[in-house]
Amino acid sequence: MSSSPYKRVLLKLSGEVLMGSQPFGIDPEFVAEMAKEVKAAKDTGLEICLVIGGGNIFRGMAGAAKGMDRAQADYMGMLATVMNALAMQNALEQLGVPTRVQSAIEMDKVCEPVIRRRAERHLEKGRVVIFAAGVGAPYFTTDSGAALRAAEMKCDALLKGTSVDGVYDSDPKTNPTATRYATVDFDTVLADNLKVMDASAVALCRDNAIPIVVFSIREQGNLAAVLAGEGTKTIVQKGA
Ligand code: UDP
C-alpha cells in the first residue's frame, strides 16, 4: 500500500530531463532512469498521469525569436512532446509498466486521442497515462497542459520534477543567500513572479485547489521520497 498522502498524481517533467548530458534531444539511458523513478512511484500503489515537455527538442518561443511564425513554431513544439511521450512509453514498457499515450493532437497511428473516460479506465487498470501535445493549442506550454490534465483527471497534486529542488525567493544560481520555501501561496508565486510554472498553469491549479509540488527529479529516489511526504521540495498551495 502507498504511504503517500496522494492517491492520484500528475507528474510533469520538463523535456530537458530526458536529454541527460547531451545539449539537446533524447538520451535513451536517461529516459530509462526517469522511467525507473516513475515505476518506483507507481509500485507504491499510486495512479500516475505524466506530462512531458518538449524543450529538449523544440520550443516555440525559440523558433519565434528566430523569425518563425509563433503558432507554426508552437505546433512543432507540441510534436516534440509527442516524441518524448513515445520515448517514455517505450522505457516504461521495457520495465513492464503498461502505459498509454494520449495526444491532444490526434495521431491515431501512434497513440490515442485525449479521452478523459478512457484515461480513467487506463488508470483503474494500473496503466500510466502520458498526456502529450500540451493543451493542443499554440501560445500555451506543457505546464498549462499539466495543470489542465491534473484538473480534468482530478489529481490530488501536480508534481513538477525539475533540476532545482524547490522554489526560492530569488535565483539560487546568482544569489547565494536565496532561501527555499517549504510552502508558498499561489498568490505569492503569481505576485512575485516566482519561477515555478507559467502564470496560466499556476492560476489553473489555484482555481482548482491542486497543490503544486516542486522538487528535483535529478536525485535518484527523490520522486518516491517526495510522494511519501518526505524529501526536499516546495509545496505551492492555498493559504501557505
Ligand atoms: N506547446 C504549445 N502548446 C501546448 C504545449 C506546448 O504550443 O499546449 C509548444 C510550445 O512551443 C512549447 C513546446 O511545445 O515551447 C514545448 O513545450 P514546453 O516548452 O512546455 O516544454 P518544457 O519546457 O517543459 O520542456
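Each Cβ is built from the backbone N, Cα and C atoms, and glycine gets one as well.
According to TrEMBL, the residue from Thr162, Thr177 that belongs to the ATP site alongside Lys12, Leu13, Ser14, Gly15, Gly55, Arg59, Tyr168, Asp171 is Thr162.
Annotated UMP-binding residues in TrEMBL are Gly54, Val135, Gly136, Ala137, Pro138, Tyr139, Phe140, Thr141, Thr142, and among Asp69, Asp74, Asp165, Asp169 the one listed with them is Asp74. Checked against ligand 1, the binding-site residues Lys12, Gly54, Thr162, Asp171 give Gly54 as the ones with a Cβ under 6 Å from it, listed in sequence order.
Nearest in space to Gly55 (ATP binding site), taking C-alpha to C-alpha distance over the binding-site residues Val135, Ala137, Tyr139, Thr141, is Thr141. For the pair formed by Thr141 (UMP binding site) and Ser14 (ATP binding site), distance between Cα atoms is given as 10 Å, rounded to the nearest Å. Take the binding-site residues Thr141, Thr162: by the count of other Cβ atoms within 10 Å of each Cβ, the lowest one is Thr162. In terms of local Cβ density within 10 Å, Gly54 ranks first among the binding-site residues Gly54, Gly55. The binding-site residues shown are Gly54, Val135, Tyr139; of these, the one with its CA atom nearest the CA of Asp171 (ATP binding site) is Gly54.
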